[in-house]
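Undergrad: Structure below; questions to follow.
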Amino acid sequence: MLMITSFANPRVAQAFVDYMATQGVILTIQQHNQSDVWLADESQAERVRAELARFLENPADPRYLAASWQAGHTGSGLHYRRYPFFAALRERAGPVTWVVMIACVVVFIAMQILGDQEVMLWLAWPFDPTLKFEFWRYFTHALMHFSLMHILFNLLWWWYLGGAVEKRLGSGKLIVITLISALLSGYVQQKFSGPWFGGLSGVVYALMGYVWLRGERDPQSGIYLQRGLIIFALIWIVAGWFDLFGMSMANGAHIAGLAVGLAMAFVDSLNARKRK
């Protein structure tokens, strides 16, 4: 028996089990603190993990509900959460994902109250040689956002991609990707535009590159990003580079972040293949 994953919401677990049953794969649920999903036939593990990655992208897809009807489990007596939106948020996000989201929101509120400049004096990339040993500055620039749309866009992608990485590969992997991409994307961006920039987008682009390439080269990792979304990311970089939308974008951070994510995914997938 091989444990595939755990769900906080037992109804979500049952939906996945029902769907896999329609695909000819038998999974079982064991209730502990969470709903643990187990696979008896370990030879099917790769297929199940690939399907799990797709399921986590959109658990509300009609095909999963249809599978529950087909399996006869829609009236299973499981407890439905009162707030499915927040249950979905918790389902995908681990502690590191939440900590970064909360930190970004707190910094954003502080910027609205104190003003952008006041907060940037404390968190921006070192803008004076005397600040080069204030090491937090090499990372905290990623926590600053300058509009509601800016922070919503970045946090949505952070939750979607960072949560998947943390759930499947662990908090440590997400921390490493975040710190390395924040450092290197910040370094490149300050070479382009100076120290007065901010936002999580460099890290988000690193996660896009990492999740896409790792999923392509190592499907057993359980993470996956549709090719259409990585194409969208590339189009957005080109649009920002040529200023097609008249918006100020951290183009250097975007390119550097994407490169960092791709490089880390290549190395990790190479190591995964060597272990087989």
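Cβ atoms are placed via backbone N, Cα and C, with glycine included.
Taken from Swiss-Prot, the feature active site, nucleophile covers S201, and the record attributes it to sequence analysis. What Swiss-Prot records for H254 is active site. Among the features that Swiss-Prot reports, transmembrane segment is placed at 94-114, 142-162, 169-189, 192-212, 229-249, 250-270, with the record citing sequence analysis.
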Undergrad: Sort out the residues at least 6 away from either end of the transmembrane segment (94-114), same chain, that have Cβ-Cβ distances under 8 Å to it, and list them.
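TA: Residues 123, 140, 143-146, 151, 154-155, 158-159, 162-163, 166-167, 171, 174-175, 178, 200.
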Undergrad: What is the interatomic distance between the Cα atoms of H254 (active site) and S201 (active site, nucleophile), given in whole Å?
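TA: Distance between the two Cα atoms comes out at 6 Å.
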Undergrad: Quick test of the contact rule: Cβ under 8 Å, at least six residues beyond the ends. What residues does that give for the transmembrane segment (192-212)?
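TA: Result: 100, 104, 120, 123-127, 141-146, 150, 154-155, 157-158, 161-162, 164-165, 177-178, 180-182, 185-186, 223-225, 227, 229-230, 233, 237, 249-262, 264-265.
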Undergrad: Looking only at Cβ atoms, how many others are within 10 Å of the one on S201 (active site, nucleophile)?
TA: 26
